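Q: TrEMBL lists 94-302, 455-662 with the feature domain 'ABC transmembrane type-1'. Here TrEMBL flags 98-117, 129-153, 173-192, 247-272, 284-305, 381-405, 461-483, 495-515, 521-540, 579-604, 644-662, 683-702 (among others) as transmembrane segment.
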Amino acid sequence: MVTSSNDETFHKLALRRAIARRVANSLLVLAGILLLTFLALHLAQQGRQGLPVTVRSAVTETLRQTVDYLTQHPKEYIWHKEIVPAGALIFDLFTKSLGLLLVSMAAATLIGGGLGVRAALARNKAAGPLIVAISILGMSTPSFLLGMLFWVVNVKTAGWLRMDQAPLPPVGFGWDLHLIMPALVLAARPIAQIMQVTYVSLSDVLNQDYMRLAKAKGLSERLQLAHHALKNITIPVLTTLGTSLRFALASLPVVESFFLWEGLGLAILQAFTLDMPTLVADLIVSLGVMFLLINQGLEIVYPLIDARLRKQAAAVEDQLDEAWQPLAAVSVKEALAGVKQSLAGYWNQLTRGWSRKPARAPRAEDVEYARKERKRIARAGVTNLPLVGGSLMILALLGLAIFGAQMTAADPFESHNIMIIEGQVYGPPFEPSSVFAWGSDALGRDIQALVLHGARQTLSLALFAMLARVMLGLAIGMAAGWWRHSWFDQLVSGLINVWAAFPVTVFAMLIILSLGIERGINVFIIAFCVVGWGEIAQFVRGQVIAQKPALYIEAARSVGAGTGQILTNHILPHLIPSVLVMAVMEMGGVLMLLADLGFLNIFLGGGFRVDLFGVGIYHFSDIPEWGSLLANIRNWWRSYPWVAWYPGMMFFFSILAFNVWGEGLRRFLEESRINLNRFMNRYTASAAVGLAVITVVLFRSATPMGMYRSQALEFNAANTLADIEALSSPAFAGRESGTDGNMAAAEFIARRMEEIGLFPAGEKNTYIQALRNPRFHLSQMPRLEILDETGVVSEAFTYREDFVERIDGFNTFGVGAGMVTGVALGEGERVDPVILMDPALYERVLVMREEVFQQVTVNGIVPGVLVVTDDASVMEKKYLSPFFARLNFPVMNISEETAERLLATAGSSLAELDALGATLPPDKYGLTGEGSLVSVSLLPDEEGYHDRYINVIGYIPGIGSDTGARGQGMDSQVIVVSAYFDGLGTGPDGTLYAGANDNASGVASMLEIARVLKEGDYQPKKTIMFVAWSGGERFERLVVDNVMNAKTGFTSLTVEAVMQLSGVGYGTGSEVAIDPESSYRLIALLQEAGERLNIPVTTRGRGPHFGLASFARSGSNTAVSAMVSWDGSDHLAHTVLDTPQIIDVEKIQKVGELMTLAVTMLGREIDY
């Protein structure tokens, strides 16, 4: 009795220790998730702002945001235009997702377990392969594709049963029939996994002696199952359920987005779009809590089901307690030494002598044995249906990747508008027909061409991502397993726990957006590697731990083998078969993740958003890639199913191929017992490395960019500098659009084009195109004055010291006078802007801080608004109005000193105004008393009505039609090189804004590029147009269609790409900046050109108009576009200091060479 009591007490203490340890580990996991979330959000924000990132600043800001999150968490959120308590919102979303997840897991257990039990009891030889086939199909189907199939079946069922509506609601939330379809889609992969595990486990249990004994005793089959069989397969089934949980969480955002289920997954996507980082963190942590609750619940249930596990759990706790003490025994130095030994072992394998001992003559019995082995191995391969079928499918994918582009004559980049097809008029998206075999997307691009051309891009991305995650997981797993219980092993185990609780789809999305989606394939490879190494490392760690006590390892140690030699020569060869199978299966996992991200509008390069008339926002990519074709399908596939089916089915086929091949390869290695080490030695490794090096060298030397490099070096920055100085001179009065100075600058540019030898592409065979476009001009001096009781000026403030005009997203010009009054706004979240509708305000000039002005709407006529700014640079920078309309009330920016002076006349101050706001509810505003009479005047020149925008256009005709069959039609393709030449003009006080860098440098560089192309050895096969256009300084964009209308006949040409130059002669950064909204194809081209010329390029820089407007769009949805600047060129932009003296000739030279090389490639090559 004493012993029993002691044992019970011991087990209780062990259980308490286990629970305490799990709670502590769970809190650490959640802290890790929180830190990773804020780190990713911070990096993404820095990227959007074009700000540099250092490790120290990123870590510091992440820790600060985490501390603020824990200590100053908001009590309310604005959600769907309602103010909702934070706790209530999170709890509501959490319960909806948890309910959906639990229902799906229950369905997976019942359906998968039932089918597995049924198949095992049937004892049919065909049951095993059938279960495996169904399992592979379930694990190979993307969630969105399965949702589409269910939706179609649901609709078809209504037709078959002649029902007025579908039996199941297609979308929406509800604890009724709404739950069925999303729960089944979410349960698809768990069903497949549980079914297979149940079948294998139960088949094994049924063959055990105790089952035969139960049968011999006369127990019925039902009692045998209930009392013995099912109990013994519960643990593996629950373990599989826990493993499936991570896959279900990964699919949760996709499923909730597809069915509009209002849970955590859908809310994360919405909160990220609304830029609500704290809410994003709340939701991601909630998903982590959900995972940990279910997973820890399973861990607690295991010992209750199997008493043997209780003792094991206690033993593990004792081992962990003991192992925690000697962690410091393995130091960082020792770990690094081990890595060095490993690398040395690899190097020795590759570099040791090539001499081999002469082979002895084979004996007859050896020859016969080898013949039988080859026959046995061949039989194992030929009879392995998954291996044969998977190999054929993989060969098909390989052929598609290599020859896919040659399988169609259609151009994947060509878009079509209204067309006559088979005698009928259609508009995009076109349904499948004789013209478009698989239909088109909303831009009129051929789906078949996009899919076939996209095979290489998609499969190569998946291959590189798989190799990266397998190599990383292999290296980390081997190190952690060898130094078990070390600090490194504990760190890896902790990271694996964090990674497991972090939904992989959301994790990958955050990493991609934080590193810069516009940077292309490398970012996706890094993201997929980071989110996927954990499972591989965990498996490898377990294998290394199991092998380390083996006799052959001890024997290697006894002969003096070091750690590196043991890992590389003994342990690694034993890992190769299983890692090879895992690598093949990982290809399917990477492709599944790529498909899910594509459905969530996260695809290679990021693409563009186009507002299609009458349709809405359409996301598209300028490169063929399967994930990008899924970006819009949730809104489009029901009306235009071909848009989704073809890329979706290609993903399904590819995932299925690798899963089938992986299963076949696993069986083959088990049955054949083939030694893969015979094929993986120093000779094959050296040959592979040599072949890779030779291929890279030959490719880089043979690529056209290598040939065109010499032409790019002909760019002469001295010529550019001379044009910059001319355009910045007082003779052109700052080149403000609509002025005589602008026209004079246009004539200068036209003369330079003529000198270079460009052909005119303007109106009436000239270089000039004039478009009527009236705009406001601020020629009268703005005034801000305090008046006395008689209306006489008692105090006048100084322009550009005390106040300055405010150019905003609406008309800010006008004149007025009224009593000055301060406006304060309550702190906190608000649903809509606060409307200032007090009639008394119509007689007052309002003073308010910038943050208040952004959150109020001035309703009615007020004399004026004065916005207080604490940014001194606001007073220095000049902007031009993009409007020409009737006068409104004037809006000005004023300094804090000016605000204090004005508020003092009302008996108040900025501090009192802030204190007043702190006492108000979020939706209320407060006013100070009346102050002095203030006059505000911001009047434009009335002659702006007659403005004309001037474009200067020249071109080099393409010679494509003269270069043979491959060049036919190339001269009808147009590459546009452009730069806005208008400037800021002169201020109302007569100050000249020379605009040397912004943007005389862009125009001058464009002219020098034209000269090099005109005189160079590599004449363009496509037509190159050079456009100096007006409107850039008014926040407007180049409208390509207007430019093509200038010259008769040019409207029939196709604009392929638009390159825009601005601010290329000065910047505080050290890299050429490409606008992140640029085409990924052009970004990749410029990056490759930068590598050729050793010129650094970034997509996270700041151009001269950074944060003011999106200038990368060309105004033509058929053309890809890119804007090139020098990083940090916004520093002196829009100020009087932007003069020729700041121009850096070296920067001009680098940008010029880069652009010349890129434009040469664009003008001569079809594929780039």
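Cβ atoms are placed via backbone N, Cα and C, with glycine included.
On this model, are these features tucked inside or out on the surface, and what's nearby?
A: With a threshold of 8 Å between CB atoms, the same-chain residues lying at least 6 positions outside the transmembrane segment (98-117) that come near it are 131, 134, 175, 179, 182-184, 186-187, 190-199, 202, 225, 230, 237, 241, 244-245, 248-249, 252, 255-256, 261, 263, 290, 294.
Nonlocal intrachain contacts for the transmembrane segment (284-305), taken as residues 6+ away from its ends with a CB within less than 8 angstroms of a stretch CB, comprise 15, 19, 22, 26, 29-30, 33-34, 37, 90, 93-94, 97-98, 101, 105, 231, 234-235, 238-239, 241-242, 245-246, 249, 252, 264-265, 268, 313, 500-503, 506.
Outside the transmembrane segment (381-405), and at least 6 residues removed from its termini, the chain residues within Cβ reach (under 8 Å) are 129, 132, 452-456, 459-460, 653-654, 656-658, 660-665, 667-668, 671-672.
Here the transmembrane segment (521-540) has Cβ contacts under 8 Å with residues 461, 464-466, 468-470, 472-474, 476-478, 480-481, 492, 495-496, 499-500, 502, 504, 507-508, 511-512, 515, 575, 578-579, 582, 586, 589-590, 593-594, 604 of the same chain, all six or more residues outside its ends.
If one looks beyond the transmembrane segment (644-662) by at least 6 residues along the same chain, the residues whose Cβ comes under 8 Å of a Cβ in the stretch are 136-137, 139-142, 144-145, 148, 386-387, 389-391, 393-394, 396-397, 438-439, 447-448, 450-451, 454-455, 458-459, 462, 581, 584-585, 587-588, 591-592, 594-595, 598, 626, 629-630, 633, 636-637.
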Q: Ranking 129-153, 495-515, 579-604 by Cβ pairs under 8 Å to the transmembrane segment (247-272), which is first?
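A: That would be 495-515.
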Q: What stretch, picked from 461-483, 495-515, 579-604, has the most CB pairs under 8 A with the transmembrane segment (129-153)?
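A: Comparing 461-483, 495-515, 579-604 against the transmembrane segment (129-153), the winner is 579-604.
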Q: Would you kindly list the residues that approach the transmembrane segment (461-483) from elsewhere in its chain, counting only those six or more residues past its ends and only Cβ-Cβ distances under 8 Å?
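A: Sequence-distant neighbours of the transmembrane segment (461-483): 330, 335, 338-339, 342, 489, 492-493, 521, 524-526, 528-529, 532-545, 548, 563, 567, 571-572, 575, 579, 582-583, 586-587, 590-591, 594, 604, 625, 654.
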